[in-house]
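Asker: Please see the structure below; I have some questions.
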Amino acid sequence: MPERVETDGETRYRFLGVEATRREAVALALGVVALFAIPDVTRLSDSLQLSVIHQGLLFGFAAVGLNLLLRHTKLTSFGHAAFFGTGAYATAVLAKYAGLQSVGLLLLGAIAAATVMAALVGALSLRHTGLYFALLTLAFGQLLYAIALGQSALGGSDGMPIRPGPANQPLLLGTTFEPAVYQILTYYLTVVVILVGLFVMYRITQSPFRNALDAIGQERTRARFIGLPVRRYVWAAFVISGVYGGVAGGLYAVVRQYVRPEGTLFFLRSGDILFMAILGGFRTLVGPLIGGVVLIFLQDVGQDVTQYYEFLTGVVLLVLVYGFPRGIVGSLRSGGVVSTRLRQLRREPSAVADWARSAGRTAERKAVESLSSLRIILFGVD
Amino acid sequence: MAGTLETALVQTLNGVQFGFILFMIASGLTVILGILDVLNLAHGELFSIGAYAGIGVFGFVIGVVGPPSGVLGGVVFVLAVLVSVLLTAALLLPVGTVFEALFLRAIYDRDQVYQLVLTFALLLILLDVKKFVWGNTSLRTDAVYSAINSIPTSELVGLNYPTYNVFVILVGIAVVAGLFWFFDRTKTGRIVRATAIDREMATAIGVSTDRVFTLVFALGAFLAGFAGAMAVPPTAATLGMGTNPLVLSFVVIVIGGLGSLRGAFVGALLVGVIRSWMITLYPPGEIAAPFAIMALILLVKPEGLFGTWGETA
């Protein structure tokens, strides 16, 4: 049962090594309940689809892994689809050529393949930081995409099915199920994996290892001077984050029972994964997961409404970059933009007029600024 | 034996031709990276917009000039194609200016990840703008390719090689020479290089870095559009055509060294030629070969062949 602890005059609750304020504890409990209730909720409405939310959670889980790098070491990986795809393709290859049927073994294979791949890509690309690192990860990701596209053994652009054995289905607990039941059972499997993954990530963020990564992210040279093995730590973080991608990819393959290079390895997927972390709030633990569900859901809705859904995604991104750089969770949590505004509004409803006025002033100032810089660009400074 | 030699020569020329196209894309990207410290993920889209717009401009200009006849007609036609390419590239100047002045300028002082997300957002937006303007099908213009090929060049020395590719190589040499001249000899080019070496010092001696940034970005867009228009006649313009050149430009930048123009030149030719040799030697290696070179360079010389840019062009 949760025990109460007092730290810095605040009441916190500790349960299974997770420490949280009352607010956070309630949010956490609600979140877990919501995760388990989703298959029932989606039955209520046709516009909600379990498969969409499921896919969102899987990509979001990969984003949780990427977030370890982004949040602490300040390294932006633009090739995380490589590990997602490695996991997915490892599952497919094991199912087709090795005849493995058990979901557990398939996932273990995905983890092993993603670990090796992350270790390799990390060793080559972590010699650099900043944009150079982003560029290298993107290049390696595209290389894997090109390989999957070019090898007929990997199915080329058609992809590969994951339908091993006489039942044409991976085995859960050694048995086969009806497709509908299989979908729901794999969803619960995903939920369990995600909860375990989040817990592990939480423990990592409470460990000295995280402090070391933070130090490295802030100032590499100093971190090396105080004796941190910078290369090795960053490499370890990279491999861990790659494994998260591999697990997500392996689950994706088991759930979809089909992998295509376009859907798993293409560099737009890497962009999606990075975007999920930013959208949900990359300074938070669960933000990327929520960002994943929201993004995949938006893309799915967008695809139904218009064929120009990439444009929609782009505009959402622009709004995010300029308006809400801290993401959904970052803006919602106490002290964020939204809660500050709401408190203001409750105290003084006329604040809306102030906001409108200040927004107008900002727009006016920006317009004047951009006009003058345009004039300077065209005619020079006189 | 003569057959093998001829194939080798043709493949090398193909590689050089592709290398020059790649250089036009990568040079803009590397200069933007070296000076603005921004990795422009939308650069491939600028290239493909150049290709799409180029088809339109070619159609218009060729309608005016008509098919080439005789020596004079041939010269006029080649000049007309050059003018169309320049016109297409000029169309991208305002696009680059707006990108830099409107979108990028606001977030230079923020985390680098936001710049990546921003250029990624612009990539997605441009992707659908292309779909909206030019539709989902691929477009092609055969008139330019076949008309220029009807002018004999390589046949004169007894080799059967498309004249258009010779044309691309010659224009590529001119672009390389022009860029080096610009950065080495002109005042504006030196100002740009000074900004690359030390931004604050450049400001102190009266350089408007804002203007340099906009100029560099617009120049990059111009070069990408130029490459797009040059590359499209033998093939077709498709929605996804921007991805491969973008990623190969990354490879070129890593091989040549961040922000180095000379590095981009050497890297682009290296990638182009080796890729093209692979097509005859070992076809499945075509895609992997550039990355293999990149990995090798990373292991041996992590800062690239020519290191950072500034002191020399």
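Heads up, residue numbers simply count up from 1 along the chain you see.
Note that Cβ sites are derived from N, Cα and C of the backbone, with glycine treated the same way.
According to TrEMBL, the transmembrane segment annotation covers A:21-38, A:50-69, A:81-99, A:105-124, A:131-154, A:180-202, A:233-253, A:273-296, A:308-325.
Give me the local environment of each listed feature.
Answerer: With a threshold of 8 Å between CB atoms, the same-chain residues lying at least 6 positions outside the transmembrane segment (A:105-124) that come near it are 79, 82-83, 86-91, 94-95, 136-137, 140, 144, 162, 170, 234-235, 238-239, 241-243, 245-247, 249-251, 253-254.
Using a Cβ-Cβ cut-off under 8 Å and counting only residues 6 or more beyond its ends in the same chain, the transmembrane segment (A:131-154) has close neighbours at 75-82, 85-86, 89, 92-93, 117, 121, 124-125, 160, 261, 265-267, 270.
Sequence-remote contacts of a segment are chain residues at least 6 beyond its ends whose Cβ falls under 8 Å from one of its Cβ atoms, and for the transmembrane segment (A:180-202) they are 16, 18, 32, 35-36, 38-39, 50-51, 54, 57-58, 61, 64-65, 68, 103, 169, 172, 244, 247, 251, 254-255, 285-286, 289.
Remote same-chain partners of the transmembrane segment (A:233-253), defined as residues 6 or more beyond its termini with a Cβ less than 8 Å from a stretch Cβ, comprise 55, 58-59, 61-62, 64-69, 72-73, 75, 77, 80-92, 106-107, 109-111, 113-115, 117-119, 121-123, 126, 162, 186, 189-190, 193, 197, 201, 204, 209, 212-213, 216, 259, 264, 273.
Away from its own ends, the transmembrane segment (A:273-296) comes close to residues 31, 52-53, 55-64, 66-67, 70-71, 76-78, 80-81, 84, 194, 198, 201-202, 205, 245, 313, 316-317, 320, 326-331, 333 of its chain (Cβ-Cβ under 8 Å, at least six residues beyond either end).
Long-range Cβ contacts of the transmembrane segment (A:308-325) within its own chain (Cβ-Cβ under 8 Å, at least 6 residues beyond either end) map to 275, 278-279, 295, 298-299, 302, 331, 337.
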Asker: Cβ under 8 Å, sequence separation of at least 6 from the ends of the transmembrane segment (A:50-69): give me the contacting residues as numbers and ranges.
Answerer: 38-39, 42, 75-77, 80, 83-84, 183-184, 186-187, 190-191, 193-194, 197-198, 201, 204, 213, 237-238, 240-245, 247-249, 251-252, 255, 269, 272-274, 276-277, 280, 282, 285-297, 300
